[in-house]
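Everything below concerns the one structure shown next.
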């Protein structure tokens, strides 16, 4: 006689159970990102102990550490149901505008760090190429300043976005009364 296992569908679970499972998934992801941050920090410390000068490799490990650490903090806070986000939306009455600003900053900062990290990897390969063809002056005069300018622009645009978003939320009416 065969036994059939039945798994309840997502619609059959109470909403609180679904929120608990989603929260647990965020906490597990946060823990995994914290492990990645630890690995990046170990590599950064190892490299700093071997030689003093800041290199692209050290910057890559530093940015990887920052990005994964901020992402881990964000995921743990979401897993702990910060601002009631496990319901699928940020509820205005339980979350102040400053908390929402911090929420979006913690969410978006790792992305900006990963863009900077990718740009540094491009710079590394440009160094390899321009060193091989013996044109280091082009690298120093054109490529490195362009990459640094690109990274600075990405950070400036992101910060301007956060300032505009925060300014908009300062003038937003609270949802204390549900008027239409």
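Just so it is clear, glycine is given a Cβ too, placed from its N, Cα and C backbone atoms.
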Looking at the ranges 82-102, 145-165, which is given as transmembrane segment in TrEMBL?
145-165
Hey, which bits of the same chain come close to the transmembrane segment (111-133), Cβ under 8 Å, at least six residues off its ends?
56-57, 59-60, 63-64, 66-67, 70, 139, 143-144, 147, 150-151, 154-155, 158
Integer average pLDDT (0 to 100) for the domain 'THH1/TOM1/TOM3' (26-168):
91
